[in-house]
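Engineer: This structure is in C-alpha cells; I'll ask about it shortly.
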Amino acid sequence: MTKASLIFLMTATILLGMFFFDHWQRLKIFEPAHQLYPTPDEMGVPYKDIWLTIRNMENEDKGILHGWWLPNKEASMLYLHGSESTIATDLDKILQIWNAGYSVLAIDYRGFGQSTKMLPNENSVTEDAMAAWDYLKTLSDSKNFHGIYGHSLGSAIAINIGKRHPEVDYLVLEGSFSSMADIIKETTPYRWLPSLLLTQKFESMKNIQGIAIPKLFIHCRSDEIVPFFLGEKLYQAAGLPKTRLILEKGGHQTCSHADAALWKNAMRMIMSKNSST
C-alpha cells in the first residue's frame with residue numbers, strides 16, 4: 001500500500017468514525033416523540049394548526065414544522081419543549097401559559113410530532129425555533145410583547161435564540177441546565193465522554209452571558225431529571241435583569257404545577273412589568 005493510499009484510508013476511517021459518533025450522540029440526546037393527542041380543542045380551547053416550511057440560505061426546502069397557535073391577549077409566548085416531548089405531551093403546560101393570559105405558539109421541532117421526520121441536532125432545533133420566532137412576530141403587532149418559554153432542553157434552545165435575537169422581550173427558562181457536558185457528567189453513565197468530543201454542546205452557561213433580555217428561571221428542588229444545582233449554576237452565570245422562582249415540590253415535568261398559583265403570579269408579573277414600561 002502506498003503512503004498516499006494509507007493516508008486516504010486513515011482519513012476515511014476517522015471521518016466515518018466521527019459520523020457514527022455524532023449519530024450516536026444525537027440518538028442518546030434526542031428521543032423524538034410522536035404523540036399527537038390531546039389537542040387544545042379537546043380541553044375547550046380554540047387553536048389553529050400552523051405549518052412552516054424550513055428553508056436554507058439557498059431557499060431550498062428542508063422540511064415542514066408543525067405547531068399550534070392559541071390566540072389570547074396581546075402578549076405572546078413561543079413555547080419550546082424538551083428532548084422527549086411533543087406539544088401534545090406538554091399540553092398541560094401550554095394551557096397553563098395560555099390561562100396566564102398569553103397567546104401561545106407551540107412547535108414540534110423537525111423529528112417530533114407531525115413535523116418532518118429526521119434525527120434532530122442542535123443546529124436543526126435552533127433553526128426551527130428561529131423560524132417559529134420569526135413567524136410569531138407576524139401573528140400580532142410588532143409592538144406587542146413577544147417572549148419565549150423554554151422547558152428542559154427547550155430552555156437551552158431559547159437561550160440560543162436570545163443570543164441571536166436581542167429583541168426578545170423575555171426568556172422564561174424552566175428546568176434549565178448549564179451545558180450538555182454537565183448533564184452527561186452528572187446524570188448519565190457516559191460521564192467518561194470527554195466534553196471536547198461532544199457535537200451537541202448546548203453551552204447555555206456560555207451562551208447566556210451577555211444576554212440583556214429579562215430572564216425568569218423556574219426550577220424545582222426535587223427535579224429528578226435536571227439537578228437543581230445545574231439550574232443554579234446557569235442562573236449565577238446569567239447577567240441582569242434576572243429573577244427566579246424556586247419551588248420545593250414537583251418533578252421535572254410537573255414543576256409548573258407544583259405551586260400553580262405562585263407560578264401563575266410570576267407569569268402575570270412579567271406581563272404587568274411589560275405593560276407598565
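Keep in mind that glycine also has a Cβ here, set from the backbone N, Cα and C atoms.
As annotated in TrEMBL:
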| type | residues | note |
| --- | --- | --- |
| DOMAIN | 73-177 | domain 'Serine aminopeptidase S33' |
| TRANSMEM | 6-24 | transmembrane segment |
Engineer: Give me the DSSP three-state residue breakdown of the domain 'Serine aminopeptidase S33' (73-177), ordered helix, strand, coil.
Structural biologist: 36 helix, 22 strand, 47 coil
Engineer: How does the model score the domain 'Serine aminopeptidase S33' (73-177) in terms of mean pLDDT?
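Structural biologist: Taking every residue of the domain 'Serine aminopeptidase S33' (73-177) together, the mean pLDDT is 95.
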